[in-house]
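The substrate binding site feature in Swiss-Prot is assigned to THR8, LYS9, ASN10, MET11, GLY12, LYS13, SER71, PHE155, GLY156, TYR157, ASP158, LYS178, HIS183, ARG184; the stated evidence is sequence analysis. Feature annotation from Swiss-Prot assigns Mg(2+) binding site to GLU41, ASP70. Under the heading active site, proton acceptor, Swiss-Prot lists ASP70.
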Amino acid sequence: MKQVVVATKNMGKVREFAELFERFDLEVKSLHDFPHIEEVEETGETFEENAILKADSLSRQLNAIVIADDSGLIVDALNGKPGVYSARFAGEPKDDQANIDKVLQELNDVAFEKRKARFYCALAVAFPEGDKKPVIVNGTCEGFILEQRRGENGFGYDPIFYVEEYKKAMAELSSDEKNAISHRGRALRKLEEKIPEWFLGE
(Lines of atoms letter the chains of each structure in order from A and count residues from 1; the text may use other names and numbers.)
(Lines give C-alpha, C1' and ligand atoms only; values in the text may rest on other atoms or scores of the structure.)
Protein backbone atom coordinates (compact mmCIF):
# COMPACT_ATOMS: atom_id res chain seq x y z
CA MET A 1 0.00 0.00 0.00
CA LYS A 2 1.31 3.43 -0.93
CA GLN A 3 1.86 5.82 1.91
CA VAL A 4 1.52 9.55 2.34
CA VAL A 5 2.38 11.59 5.41
CA VAL A 6 0.04 14.42 6.40
CA ALA A 7 2.18 17.13 7.98
CA THR A 8 0.12 17.80 11.09
CA LYS A 9 -0.53 16.58 14.62
CA ASN A 10 -4.06 18.00 14.46
CA MET A 11 -6.18 14.84 14.55
CA GLY A 12 -9.20 16.72 13.21
CA LYS A 13 -7.27 17.46 10.02
CA VAL A 14 -5.87 13.91 9.88
CA ARG A 15 -9.41 12.48 10.02
CA GLU A 16 -10.53 14.74 7.16
CA PHE A 17 -7.61 13.65 4.97
CA ALA A 18 -8.17 9.97 5.82
CA GLU A 19 -11.89 10.19 4.98
CA LEU A 20 -11.27 12.01 1.71
CA PHE A 21 -8.59 9.53 0.63
CA GLU A 22 -10.24 6.31 1.82
CA ARG A 23 -11.40 5.37 -1.69
CA PHE A 24 -7.77 5.20 -2.79
CA ASP A 25 -5.39 2.40 -1.83
CA LEU A 26 -3.40 4.86 0.22
CA GLU A 27 -2.17 4.68 3.80
CA VAL A 28 -2.37 8.04 5.56
CA LYS A 29 0.11 8.73 8.35
CA SER A 30 0.56 11.85 10.46
CA LEU A 31 3.36 13.45 12.45
CA HIS A 32 2.14 11.42 15.45
CA ASP A 33 3.72 8.43 13.68
CA PHE A 34 7.09 10.21 13.61
CA PRO A 35 7.56 11.61 17.13
CA HIS A 36 11.24 12.39 16.49
CA ILE A 37 10.32 14.92 13.79
CA GLU A 38 9.77 18.49 14.90
CA GLU A 39 7.00 20.52 13.28
CA VAL A 40 8.27 23.07 10.78
CA GLU A 41 7.92 26.68 11.86
CA GLU A 42 5.42 28.55 9.69
CA THR A 43 7.34 31.67 8.68
CA GLY A 44 5.61 32.31 5.34
CA GLU A 45 3.46 35.37 4.70
CA THR A 46 0.83 33.44 2.73
CA PHE A 47 -0.98 30.12 3.17
CA GLU A 48 0.78 28.81 0.04
CA GLU A 49 4.25 29.71 1.31
CA ASN A 50 3.63 27.95 4.61
CA ALA A 51 2.22 24.81 2.96
CA ILE A 52 5.21 24.47 0.60
CA LEU A 53 7.66 25.18 3.43
CA LYS A 54 6.21 22.38 5.57
CA ALA A 55 5.78 19.82 2.78
CA ASP A 56 9.24 20.34 1.30
CA SER A 57 11.12 20.25 4.60
CA LEU A 58 9.34 17.17 5.94
CA SER A 59 9.53 15.29 2.64
CA ARG A 60 13.31 15.62 2.72
CA GLN A 61 13.51 14.62 6.39
CA LEU A 62 11.24 11.59 6.05
CA ASN A 63 12.15 10.61 2.47
CA ALA A 64 8.41 10.31 1.85
CA ILE A 65 5.56 11.93 -0.03
CA VAL A 66 4.21 14.64 2.28
CA ILE A 67 0.96 16.60 2.09
CA ALA A 68 0.98 19.83 4.06
CA ASP A 69 -1.84 22.28 4.34
CA ASP A 70 -1.97 25.75 5.69
CA SER A 71 -5.46 26.95 6.22
CA GLY A 72 -7.30 29.58 8.13
CA LEU A 73 -10.17 31.97 8.51
CA ILE A 74 -10.35 35.27 6.63
CA VAL A 75 -12.89 37.77 8.00
CA ASP A 76 -13.63 40.77 5.77
CA ALA A 77 -14.65 43.07 8.64
CA LEU A 78 -11.31 42.33 10.35
CA ASN A 79 -9.31 43.24 7.23
CA GLY A 80 -8.52 39.60 6.51
CA LYS A 81 -7.61 38.55 10.03
CA PRO A 82 -6.95 36.05 11.55
CA GLY A 83 -5.49 34.85 8.20
CA VAL A 84 -2.18 32.98 8.44
CA TYR A 85 -2.30 33.50 12.21
CA SER A 86 -5.63 31.64 12.59
CA ALA A 87 -4.25 28.81 14.74
CA ARG A 88 -2.56 31.19 17.19
CA PHE A 89 -4.81 34.26 16.88
CA ALA A 90 -5.21 34.49 20.67
CA GLY A 91 -1.53 33.73 21.26
CA GLU A 92 0.42 30.68 22.39
CA PRO A 93 -0.27 27.94 23.23
CA LYS A 94 -2.73 27.35 20.37
CA ASP A 95 -6.27 27.25 21.75
CA ASP A 96 -9.37 26.89 19.55
CA GLN A 97 -11.75 28.27 22.18
CA ALA A 98 -9.59 31.31 22.92
CA ASN A 99 -9.28 32.00 19.19
CA ILE A 100 -13.06 31.84 18.77
CA ASP A 101 -13.55 34.16 21.75
CA LYS A 102 -11.16 36.70 20.24
CA VAL A 103 -12.93 36.71 16.85
CA LEU A 104 -16.34 37.09 18.53
CA GLN A 105 -15.01 39.91 20.70
CA GLU A 106 -13.54 41.80 17.74
CA LEU A 107 -16.82 41.45 15.82
CA ASN A 108 -18.95 42.38 18.82
CA ASP A 109 -20.68 45.42 17.26
CA VAL A 110 -20.68 44.19 13.65
CA ALA A 111 -24.06 43.32 12.07
CA PHE A 112 -24.47 39.75 10.75
CA GLU A 113 -24.66 40.81 7.09
CA LYS A 114 -21.25 42.47 7.46
CA ARG A 115 -19.63 39.41 9.06
CA LYS A 116 -18.74 37.79 5.74
CA ALA A 117 -15.85 35.36 5.96
CA ARG A 118 -14.21 32.46 4.23
CA PHE A 119 -12.14 29.46 5.13
CA TYR A 120 -9.07 29.18 2.88
CA CYS A 121 -6.87 26.13 2.40
CA ALA A 122 -3.59 25.86 0.51
CA LEU A 123 -2.40 22.28 -0.02
CA ALA A 124 1.13 21.37 -1.05
CA VAL A 125 2.46 17.93 -1.91
CA ALA A 126 6.22 17.43 -1.90
CA PHE A 127 8.04 14.40 -3.25
CA PRO A 128 11.34 12.97 -2.00
CA GLU A 129 12.71 12.95 -5.56
CA GLY A 130 14.54 16.24 -5.96
CA ASP A 131 13.48 16.73 -9.58
CA LYS A 132 9.75 16.79 -8.80
CA LYS A 133 8.34 20.22 -7.99
CA PRO A 134 5.75 20.48 -5.19
CA VAL A 135 2.12 20.39 -6.33
CA ILE A 136 0.07 23.28 -4.92
CA VAL A 137 -3.73 23.73 -4.95
CA ASN A 138 -6.20 25.77 -2.94
CA GLY A 139 -9.84 25.78 -1.94
CA THR A 140 -12.25 28.18 -0.26
CA CYS A 141 -15.57 28.00 1.56
CA GLU A 142 -17.67 31.16 1.88
CA GLY A 143 -19.83 31.96 4.88
CA PHE A 144 -20.54 34.32 7.77
CA ILE A 145 -19.41 34.52 11.37
CA LEU A 146 -22.15 33.72 13.88
CA GLU A 147 -22.62 35.67 17.11
CA GLN A 148 -22.27 32.53 19.23
CA ARG A 149 -21.10 28.93 18.94
CA ARG A 150 -23.31 26.24 17.39
CA GLY A 151 -22.71 22.51 17.00
CA GLU A 152 -20.32 19.92 18.41
CA ASN A 153 -18.55 18.58 15.31
CA GLY A 154 -15.39 19.68 13.57
CA PHE A 155 -12.65 21.77 15.12
CA GLY A 156 -11.09 25.22 14.97
CA TYR A 157 -13.53 27.96 14.03
CA ASP A 158 -16.23 25.52 12.82
CA PRO A 159 -18.72 26.39 15.64
CA ILE A 160 -18.95 30.06 14.58
CA PHE A 161 -18.78 29.64 10.79
CA TYR A 162 -22.25 29.76 9.18
CA VAL A 163 -22.67 27.93 5.87
CA GLU A 164 -25.61 29.40 3.92
CA GLU A 165 -25.90 26.33 1.69
CA TYR A 166 -26.92 24.21 4.70
CA LYS A 167 -28.29 27.00 6.92
CA LYS A 168 -26.08 25.56 9.66
CA ALA A 169 -22.80 26.20 11.42
CA MET A 170 -19.90 24.16 10.07
CA ALA A 171 -19.79 22.34 13.44
CA GLU A 172 -23.40 21.17 12.91
CA LEU A 173 -22.56 19.34 9.67
CA SER A 174 -21.87 15.63 9.29
CA SER A 175 -18.44 14.61 7.98
CA ASP A 176 -19.90 13.94 4.52
CA GLU A 177 -21.67 17.31 4.42
CA LYS A 178 -18.52 19.12 5.53
CA ASN A 179 -16.24 17.31 3.07
CA ALA A 180 -18.59 18.25 0.22
CA ILE A 181 -18.23 22.00 0.78
CA SER A 182 -15.21 22.58 3.00
CA HIS A 183 -12.14 24.49 1.87
CA ARG A 184 -9.99 21.42 2.54
CA GLY A 185 -12.38 19.10 0.71
CA ARG A 186 -12.40 21.37 -2.34
CA ALA A 187 -8.61 21.64 -2.32
CA LEU A 188 -8.24 17.87 -2.05
CA ARG A 189 -10.57 17.28 -4.99
CA LYS A 190 -8.38 19.61 -7.07
CA LEU A 191 -5.37 17.67 -5.84
CA GLU A 192 -6.83 14.38 -7.06
CA GLU A 193 -6.77 15.75 -10.61
CA LYS A 194 -3.14 16.88 -10.37
CA ILE A 195 -1.37 14.10 -8.50
CA PRO A 196 0.45 11.48 -10.64
CA GLU A 197 -1.31 8.13 -11.03
CA TRP A 198 1.34 6.28 -9.03
CA PHE A 199 0.58 8.48 -6.01
CA LEU A 200 -3.17 7.81 -6.08
CA GLY A 201 -2.63 4.11 -6.71
CA GLU A 202 -5.17 3.91 -9.49
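Here the Cβ of each residue, glycine as well, is placed from N, Cα and C on the backbone.
The shown structure was predicted, so the numbers you read here are calculated from the model rather than taken from an experiment.
Between ASN10 (substrate binding site) and ASP70 (Mg(2+) binding site), the C-alpha separation comes to 12 Å. In this structure, the CA atom of THR8 (substrate binding site) is 10 Å away from the CA atom of ASP70 (Mg(2+) binding site).
A distance of 15 Å separates the Cα atom of GLU41 (Mg(2+) binding site) from that of SER71 (substrate binding site). The C-beta environment of ASP70 (Mg(2+) binding site), restricted to residues of the same chain at least 6 apart in sequence and closer than 8 Å, consists of GLU42, GLY44, PHE47, GLU48, GLU49, ASN50, ALA51, LYS54, VAL84, CYS121, ALA122. Within the same chain, residues at least six positions away from GLY156 (substrate binding site) with a Cβ under 8 Å of its Cβ are GLY12, LEU73, SER86, ALA87, ASP96, ASN99. The most densely surrounded of the binding-site residues THR8, ASN10, SER71, judged by C-beta neighbours within 10 angstroms, is SER71. Within its own chain, ASP158 (substrate binding site) has GLY151, ALA169, MET170, ALA171 as residues 6 or more apart in sequence whose C-beta sits under 8 angstroms from its own. Its Cβ placed at the centre, GLY12 (substrate binding site) has 13 other Cβ atoms within 10 Å.
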